[in-house]
């Protein structure tokens, strides 16, 4: 197989070394497993490096600990009753760390979060375009190592005795820009390697990296907190930098550059023949002169926005992610302020309990991906989940406080329907649109499309917690009304796409029934002929 080296990027050095040691290459399936594993680790590292700020907030602007905290779930109990001693602690401030421990310190912590999300959202649009025009492996490596450096520098403020607010604000802003490289890149890599068949299920399972990263980041940050809060940033920062090195060594971002055809090339697309896919791909590789990854140019933001479905899904994700991130940031506080079964639980227990919302979300992401694959209808699945989340949130707000089992069950159910469409849109939908037939295989749009969709969603993610801070002062019932209205809006924004998919499904069924009727007629003609004789 002759290939033009000018249109190909070099294979990752780790893969070249393993090829040399093994004496032979891996199969297509092996490469796909490696891509899934490396990108899973990469984005888990991204999320792990975002957790330290939430863990350290109580130290920067603290409540003094007069008693030992219980072991966290799942090692210890989920529910720990809040006692009078803790009620006093909540009203008394300790030393903390200037400038976060004085008047307005809590607001400063909130400003840092908003600054991170704002720069993350804006950086996403630029990062997506760059990802489609640069080598994704090197781009992702740079983003991960850069994130690690600035997350670590935030922690260095502890050791350098920095008390200037601008220092921490700038560190979070720059970290947000580097973090924006992650999601468009990993989704683009997965889209490069996998066709549409079973993409929803595969990416639904793969999307569990978010929760794994959150849990890992919490454990890492909490484990070293006693040695000084700076270590809670430095260790996760080193963690994501190490992940960047793994990406550089082992991530093959483009199948064309290591001898396999792209699953999106017309000559290599064998999704209609799944039984012998690898053999067909191998045959296509030998028979067809494939384009290297360098020969395909990225599309612009305007071109990407014109791809059918990009704008509706981006706007849908704005409201969907608003709902999801409101639960992410405010659910622990809501739980600590709500009597469950007539008892208030500790702040630590509320944080532990809130993780069950993410457990439901993992199931929701997998279920949404599986259903959308079976129906071949992403918009119908996403809209249905959003509509179903409305009664779930209403039930949780109304009956979640009656008992502990009721709270757990309804919380997980709400997490399933809230996070299901969020996971589906940011993974399978983004990959589908980034390889849309209108692009004719000549352009790279995966990272750009993913950035537009998730960047718009991230703006909603910043607005949700901000609005909740104001509305919650009027009562939590109003917060849930806001969330339900946002979920309804998210579903309605997909109405046109839902109608198109219903027409497509109806057309497929008519075609299938027509073929079946033709086959039956053909089978009965000989019998009728014999009877006439």
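Cβ from N, Cα, C; glycine included.
The transmembrane segment annotation in TrEMBL covers 30-49 (among others).
The domain 'Major facilitator superfamily (MFS) profile' annotation in TrEMBL covers 37-502.
Look at TrEMBL and you will find 114-131 (among others) tagged as transmembrane segment.
With a cut-off of 8 Å between Cβ atoms, the residues of this chain six or more beyond the transmembrane segment (138-160) that come close are 42, 45-46, 49, 52, 97, 127, 130-131, 167-168, 171-172, 174-175, 178-182, 185-186, 189, 228-234, 236-245, 247-248, 251, 253. Residues annotated as transmembrane segment in TrEMBL: 138-160 (among others).
Annotation source TrEMBL lists transmembrane segment at 166-194 (among others). Beyond its flanks by at least six residues, the transmembrane segment (166-194) meets 31-32, 35-36, 39, 42-43, 46, 49-50, 53, 111-113, 115-124, 126-128, 130-132, 136, 139-140, 142-144, 146-147, 150-151, 153-154, 157, 202-203, 206, 251, 253-255, 262-263, 426-427, 430-431, 434-435, 444, 446-448, 450-451, 454-455 of its own chain at Cβ-Cβ distances under 8 Å.
Counting only same-chain residues 6+ beyond the ends of the transmembrane segment (206-225), those with a CB under 8 A from a CB of the stretch are 36, 39-41, 43-52, 54-56, 59, 72, 190, 231-233, 235-236, 239, 355, 358-359, 361-362, 365-366, 369, 423, 426-427. Under the heading transmembrane segment, TrEMBL lists 206-225 (among others).
The feature transmembrane segment is assigned by TrEMBL to 231-254 (among others).
Here TrEMBL flags 305-331 (among others) as transmembrane segment.
Per TrEMBL, the feature transmembrane segment maps to 351-372 (among others).
The transmembrane segment feature in TrEMBL is assigned to 379-396 (among others).
Among residues of the same chain six or more beyond the transmembrane segment (408-431), those with a C-beta under 8 A of the stretch's C-beta atoms are 78, 183, 187, 190-191, 194, 199-200, 203-204, 206-207, 309, 313, 316-317, 320-321, 323-324, 327, 331, 353, 356-365, 367-369, 372, 378, 381-383, 385-386, 388-389, 392-393, 395-396, 399-400, 446, 449-450, 453-454, 457, 487, 490. Per TrEMBL, the feature transmembrane segment maps to 408-431 (among others).
Nonlocal intrachain contacts for the transmembrane segment (443-466), taken as residues 6+ away from its ends with a CB within less than 8 angstroms of a stretch CB, comprise 113-114, 117-118, 120-122, 124-133, 136, 180, 183-185, 187-188, 191-192, 293, 296-301, 303-305, 307, 310, 313-315, 317-326, 328-330, 422, 425-426, 429-431, 433-436, 486. If you look up TrEMBL, you'll see 443-466 (among others) marked as transmembrane segment.
Under the heading transmembrane segment, TrEMBL lists 478-499 (among others).
According to TrEMBL, the region 'Disordered' annotation covers 510-533.
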